[in-house]
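Quick look at what TrEMBL lists:
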- 1-22: signal peptide (SIGNAL)
- 57-318: domain 'MHD' (DOMAIN)
- 80-160: domain 'Cadherin' (DOMAIN)
- 161-269: domain 'Cadherin' (DOMAIN)
- 270-384: domain 'Cadherin' (DOMAIN)
- 385-489: domain 'Cadherin' (DOMAIN)
Amino acid sequence: MTIQQVLLLLLLWMWLLHPCHTEMLFRRTPDLRPKSFGGRISGNDGKAIHRQKRGWMWNQFFLLEEYTGSDYQYVGKLHSDQDKGDGSLKYILSGDGAGTLFIIDEKTGDIHATRRIDREEKAFYTLRAQAINRRTLRPVEPESEFVIKIHDINDNEPTFPEEIYTASVPEMSVVGTSVVQVTATDADDPSYGNSARVIYSILQGQPYFSVEPETGIIRTALPNMNRENREQYQVVIQAKDMGGQMGGLSGTTTVNITLTDVNDNPPRFPQSTIHLRIPESSPVGTAIGSIKATDADTGKNAEVEYRIIDGDGTDMFDIVTQKDTQEGIITVRKPLDYETRRLYTLKVEAENTHVDPRFYYLGPFKDTTIVKISVEDVDEPPIFSRSSYLFEVHEDIELGTIIGTVMARDPDSASSPIRFSLDRHTDLDRIFNIHSGNGSIYTSKPLDREISQWHNLSVIAAEINNPKDTTRVPVYVRILDVNDNAPQFAVFYDTFVCENARAGQV
């Protein structure tokens, strides 16, 4: 307890003990017209007399809470103007706490409290007082009701319902933007003094935030608070009673404040030029690689859309936005050929899809980069001059006669020499052979149209430097007829003729 509180208690105690404030009187009220008392009371001579009703005049009693003295706490004194001081009257107390919490000296009318009282448990007590003749036990005054009001002292500090609050406010908010309101309660009497008058102040969190002293509303105190620089703040708020004056009791709470994201950052490519490579053999739809523009924002504020806006490869490549990773995936749109073109250049743009008009001045909310795509050479198999070959040859040609020539070339820039061969599964009788160097096909056995009119061959071309890379082409050989067979009867005829047959007889 502070020195100021001790002094306050002493002043209140002295005030309560002063008899002019603690005596409740039963005396005549000169301003009121006498009213007849409803009963008969015997006088000293034993005769019944009529007397005027006496009202008690009294002040409301006040009792200081949280009394810590060793003796009973003095409350006040009841006194009737019928009391001559000879002990003939008896004072009786009834009502809230009478006989337990509050006791009365039946001779003197002095009232005491038997224990410490907490105003926050009960703020006032209603009791009834009566003065009776000790001998006859008859009332000398009508019963009257009075109140003992418990005077508050500042014995309760302000308390917050939550020990830790969580709040958020958008980044870049203007100064004075409301974040959250915290409210502390004080169990002391709000109608008496300043014991329950709470004032709020900020102990931690300046200069970023402020608090309204009377309302507890926390507001932003700095302009352009950037989430990308700092996202979390811990603010400590103090609530102090006695109007915030010295000697008041206080309580604190912590408010964790998060700056939420707004779209105040445009996307940015980390490089002005990006290099990618792709083999020429990659089929249409193949992903070449990914590019990504970084955005310091989060969530939908960081979403971007990629597009190819210029370059000499706009018809050869596409770009697709990958939503989950926010990357741009570049894919092959048309077949590539290293020997035709080896380098393409694209101009790619990344643009935010959700732009906040409040921050247009920070834009534009898009960026561009140059993507250079190098087509890499692949050791391609030989290419035949035709997709298939048809040769016609007469069946009577001599052995070793060339019936035709197939041609193939290496499409690669190195132009490796080609070696030709026949797939023997298509020429099991080994009727034909091929010159491995020039692709000339010649006969190695006689041809007979009457045995086989067509021969379907498969010629294999392979690079000498890379024999595993091969290409096949079908070769159709048609055997042409020559007159190399005399007529023959289909059956053997066995005939008979008579010896005397005439000439011309069948």
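Keep in mind that glycine also has a Cβ here, set from the backbone N, Cα and C atoms.
A TrEMBL annotation is a machine prediction, not a hand-curated record.
Values in this document were obtained by computation on a predicted structure and should not be read as measured data.
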Checklist outcome for this item: Across the domain 'Cadherin' (80-160), DSSP yields 0 helix, 36 strand, 45 coil
Item to check | Taken over the domain 'Cadherin' (385-489), the model's mean pLDDT | outcome: 91
Checklist entry - What is the three-state DSSP composition of the domain 'Cadherin' (161-269), stated as helix, strand and coil residue counts? => result 3 helix, 46 strand, 60 coil
